[in-house]
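Colleague: Sharing a structure below in C-alpha cells format, with a few things to ask.
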C-alpha cells in the first residue's frame, strides 16, 4: 500500500496533499474550517444536483417546481432544506475561516489570501443567484434591487443592467441565465479551491503563535484527519438540527409568496449572510458611493497585507490589536442587525456609524495599534 501511495502518479498527489503533508504540531480547531468548507461545498453540489433534476427555470413554473420538490419528490423537502441551510452553514464556516486568517495573520501568505478573496466573491455570487431561483417575492425583488445597482456605473450602467436582465426587467431570460450560472459556478469554485490549496502547500500552514514551524512538523494523517473528523461531526450535528427542526428560521417568509412585479414587499433584504454588506451599501446616500462601499467592504481584505505594521504575525501576543479585532467583530454583528432593519431613525445613523467604524478600524486603528505595540515591546 505504501508503494502505491508514494509511487502512483495520481495517488501520490493526494498523498502529498492530505496524508504525508507536513503540518505544524500546534494548530488549533480554528484550522478545521478549511476541511469543513470542503464538506459544505460537497453537500451543496450534491443537493444542488438533485434539486436541478426537478427544478424548472421558467418564471411560470419555477415557484411551483420548488413546491413540487417539497411535496412530491422522495425526500425532496430534505434535499431542498439541506441546500438552503447548507448555504448558511457554508457562510458561517467562511466567516470563521476569514476571521481566523485575520486574527492569526494568515493574510501574509499573499497568493493563498488573494485566491481566498476571489473564492469569497465567487461563493457570494453563487449564493445570490441561488436565492433568485425559487422565484418568490424576495427572490424577484432582491434580484431587481441588487442587479439595478450596476446602473450606478457611469455611462454604461443602464445598458449593462439591461444586458444582464436580458430585457427591460427581471424576467424569464434573467431566471434562465441565473440558473445556468448558479449551476456552473460551484464547479469553478471547486477548481479555485484546488488552486487555493496549491498556494497553501507552497508555504505550509500558519499556526497560532505566528512563528515559523518548520522545526516542528507532524504528518497530516492521522493527527489532523482525526481532528477534522471531530469538526465534521459537530458541523453535521448542528446542520441536521437546523435543517430538521428549524428549516425556515434563517429564511424570509416573503419567499413563500410567488414573485409579483406589481407588489413590492415592505422590506426588501437579502439573506442574513449579506446583511452586513447591505447595511454598508444603504448607509451611503449616493448610489455609486454605496456600490463602491459595498465592493470595498470585501475587497478591503486584499489590503490587509499592506496594512500590517506589526513585527509579529499573529494577534496572539498583541492585546491592543486584539481589542480592535473584537470591536470589529462586534461592529460586523451590528451591521448584520442593521441590514435587516427598515430604513428609518435610529437605524440609519447606527448603520452609518457602524460603516465608518468598520473601515476606520481596519484601515487606521489596527495599523496604528501594531506600531504602538512595536514601540511598547521595543521591536523597532
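Yeah, the Cβs are placed from backbone N, Cα and C, and that goes for glycine too.
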Colleague: Looking at 11-32, 55-76, 77-98, which one is transmembrane segment according to Swiss-Prot?
Modeller: 77-98
Colleague: If you look at how Swiss-Prot annotates this chain, which of 226-246, 247-267 comes out as transmembrane segment?
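Modeller: Feature transmembrane segment in Swiss-Prot: residues 226-246.
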Colleague: For the record in Swiss-Prot, which of the ranges 113-133, 134-154 is the transmembrane segment one?
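Modeller: It is 113-133 that Swiss-Prot describes as transmembrane segment.
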Colleague: Have a look at the binding-site residues (97, 182, 196, 201) and report the one with the fewest Cβ neighbours inside 10 Å.
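Modeller: Taking 97, 182, 196, 201 as the binding-site residues, the minimal 10 Å Cβ count falls on 201.
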Colleague: List only the single closest residue to residue 97 (heme b b566 binding site), chosen from the binding-site residues 83, 182, 201 by CA-CA distance.
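Modeller: Considering only the listed binding-site residues, the nearest one is 201.
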Colleague: Determine which recorded stretch among 33-53, 113-133, 320-340, 347-367 has the most C-beta pairs below 8 angstroms with the transmembrane segment (226-246).
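Modeller: Answer, by Cβ pair count: 33-53.
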Colleague: Looking only at residues six or more beyond either end of the transmembrane segment (113-133), which have a C-beta under 8 A from one in the stretch?
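Modeller: Here the qualifying positions are 48, 55, 57, 62, 66, 87, 90-91, 94, 97-98, 101, 106-107, 139-140, 142-143, 146, 174-175, 178-179, 181-182, 185-186, 188-189, 192-193, 195-196, 199, 270-271, 273-274, 298-299, 301-302, 304-305.
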Colleague: Taking the Cβ of residue 83 (heme b b562 binding site) as reference, which residues of that chain separated by at least 6 in sequence fall under 8 Å from it?
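Modeller: Set apart from residue 83 (heme b b562 binding site) by at least 6 residues yet with Cβ under 8 Å, we have 44, 47, 48, 51.
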Colleague: In the same chain, which residue numbers or ranges, 6 or more beyond the ends of the transmembrane segment (178-198), come under 8 angstroms Cβ to Cβ?
Modeller: 17, 37-38, 41, 44-45, 48, 52, 55, 57, 112, 115-116, 118-119, 122-123, 125-126, 129-130, 132-133, 143
Colleague: What is the interatomic distance between the Cα atoms of residue 196 (heme b b566 binding site) and residue 182 (heme b b562 binding site), given in whole Å?
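Modeller: With the alpha carbons as reference points, the distance is 21 Å.
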